[in-house]
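Novice: Here it is: the structure, laid out below.
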Amino acid sequence: MNKLNKRYLNIQEKIRSYDHEYYILDNPSISDQEYDDLFRELQQIESQNPDWITPESPSQRVGIKPANDFSTFKHFSQMLSLANAFNEEDLKNFHDRIIKNLGDDQRINYFCEPKMDGAAISLIYEKGILTRGVTRGDGTLGEDITSNIRTIRSIPLRLRQSEHSFPDLLEVRGEVFISKSDFNDLNLKAKQKSEKVFANPRNAAAGSLRQLDPAITSSRPLAFFAHGIGSCLGKAFIDLQELFTVFSSWGLPVNDLNQLASSITECSKYFQNIESSRDTIPFEIDGVVFKVNEIFLQKQLGEIARSPRWAIAHKFPAEEVYTEIEKIDFQVGRTGILTPVAKLKTVNVGGVNVSNCTLHNFDELKRLDPRPGDGALIKRAGDVIPKMVEVIPKQKNRSDSIKIPKKCPCGKAEIVINFQSEWTIVDTNTSKPIKRFSSSYEAKKFLDENQALKIHIAEERFETPFMKCSGGNNCPEIFQGKFTHFVSRKAMDIDGLGQEILLTLINQKFIKDFADLYSLKDHRSELEKLERFGKKSVDNLIKSVKKSTSVELHRLIFAIGIEEVGETTSRNLANYFGTIDSLLKSSYEDLIAVPDIGPRMAAKITDYIRD
């Protein structure tokens, strides 16, 4: 190793150390001018010796060419969601469940940390070197945004040497965020340039991470806190307290507000302290996360569905804001259910601009009785979904109550009451009910198995609080809704098929069923002639459609839109049947054997298969 090469490596180490002082410790030991001079020297050496450059060089944070698309990457260990607690009782129930699982004699310590309102990511370090950065995605598959992650100055490209050895492979879980002051500066600069401003720091952080050009990401004031691990090969940790101590020694930023609690009572006090100081905390938070501290106990507790049993997010009470109701519309979903939606005078609720608020069903519409011109209290339930809490009637000239429409907004079909049925086995002689079933299939099966008895089936229909369009696929709203669901991020994840593009393809008869999406490549020249379509956008669309053919089975099952089959049920079906062909050939008896699928759900899936 010659003298210049030694100098080059020494400069790299110095810059990493100064970056740590500036971005992590907020305590720089050199001036900006000295830092810039050192960085220029690094760049000069690299320009003369390009073969010396490695991915973890400080100069490589920016400079990568814009990407055409993000590839997907499967997490080594699934990124789970957290169950929520909204009050003290929820928190106590969480603790009681843990005690029930582990036993009364087990002492439980909780690691407490503010719940960052940012964008969750996973960093992969191999022997201390950052090799990949991935979005959370659906928890199993995320987007590879390594080029953008490398631009975030608080994320070390190479972990700092310490007394703790590096694992062979380490998944660091954490949150990318923008501080309140940096967010205000970002929007101020955008206004000065007549550019679009961001609604809140969370949207700004998430949007910055998904820029195809890393130079744009680099221009945004992104920061990072580590809050956990996924897979870790070649090293073990006793508890979270030790984990975060080691993280700090490696130069990974962790939140100074983290704290250990020895009881659920201490957890409640921590929550109250964080909530009372929320306005003074320099970044947005929406609650507090409590985790069982000991890692061996976490493994013992395991997980349920898509969340761990050993952690919970205690959310802050939702902010309530007053606004005015402008009108009530009715929207039709992919299942035909008609939903009343209040159009509101735009108001900011918890950092998000809200102009629409679903009223869910007609019972809720009747209960609240909202009318144009009335006032309304709006909150974001769980800091996510806008909810109308209360209606404040207009004092004078109040308009009439909203009437249930007789026709679907599509104008092509009648609105009908949505019924649910229950099938009862009745003793023919006494007319007394013997057994009730939620599916006709189960009832008929019982009848066949008990032919010696004098019994018959009676169907009882009862109204639900929902109204439904009777048009089926003839209703454009239902038809388009099915495609919108099919291409959505949690389903087939086909980019470039927004509402307007889908509507154009439907109206121009390019797509009449899901299979037609995979024939769009045969109509390239025709598509390029359409408004809003060009060669590049058509190429990207066809590429995205092709990419969707490799999605996991559970996402395909979710995408086809079987009524009442959500993400968890889709995973259960995928795990049980293994292939889509096996599922489509399944019988009611096969389906009833699948974990968490009852008679009603099995009947719904059977009906879908028959149709």
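Keep in mind that glycine also has a Cβ here, set from the backbone N, Cα and C atoms.
TrEMBL does not curate its annotations; it predicts them automatically.
Sharing the features that TrEMBL gives for it:
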DOMAIN    3-491  domain 'NAD-dependent DNA ligase N-terminal'
DOMAIN    489-508  domain 'Helix-hairpin-helix DNA-binding motif class 1'
DOMAIN    525-544  domain 'Helix-hairpin-helix DNA-binding motif class 1'
DOMAIN    557-576  domain 'Helix-hairpin-helix DNA-binding motif class 1'
DOMAIN    589-608  domain 'Helix-hairpin-helix DNA-binding motif class 1'
Novice: Among 525-544, 557-576, 589-608, which stretch has the highest count of C-beta pairs below 8 Å with the domain 'Helix-hairpin-helix DNA-binding motif class 1' (489-508)?
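Specialist: Out of the listed stretches, 525-544 contacts the domain 'Helix-hairpin-helix DNA-binding motif class 1' (489-508) most.
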Novice: By DSSP, how many residues in the domain 'Helix-hairpin-helix DNA-binding motif class 1' (489-508) are helix, how many strand, and how many coil?
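Specialist: Summed by class, the stretch gives 9 helix, 0 strand, 11 coil.
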Novice: Going along the chain, which residues at least six beyond the ends of the domain 'Helix-hairpin-helix DNA-binding motif class 1' (525-544) come within the CB cut-off of under 8 Å?
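Specialist: Same-chain contacts beyond the ends: 68-69, 494-497, 500-501, 504, 508, 510.
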Novice: Counting only residues 6+ away from its ends, which parts of the chain sit with a Cβ under 8 Å from the domain 'Helix-hairpin-helix DNA-binding motif class 1' (557-576)?
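Specialist: Sequence-remote neighbours of the domain 'Helix-hairpin-helix DNA-binding motif class 1' (557-576) are 138, 305-306, 334-335, 482, 485-488, 490-492, 514, 551, 583, 593-597, 600-601, 604-605, 608.
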Novice: Can you break down the domain 'Helix-hairpin-helix DNA-binding motif class 1' (589-608) into helix, strand and coil residue counts using DSSP?
Specialist: 14 helix, 0 strand, 6 coil
Novice: In the predicted model, what is the mean pLDDT computed over the domain 'Helix-hairpin-helix DNA-binding motif class 1' (525-544)?
Specialist: 87
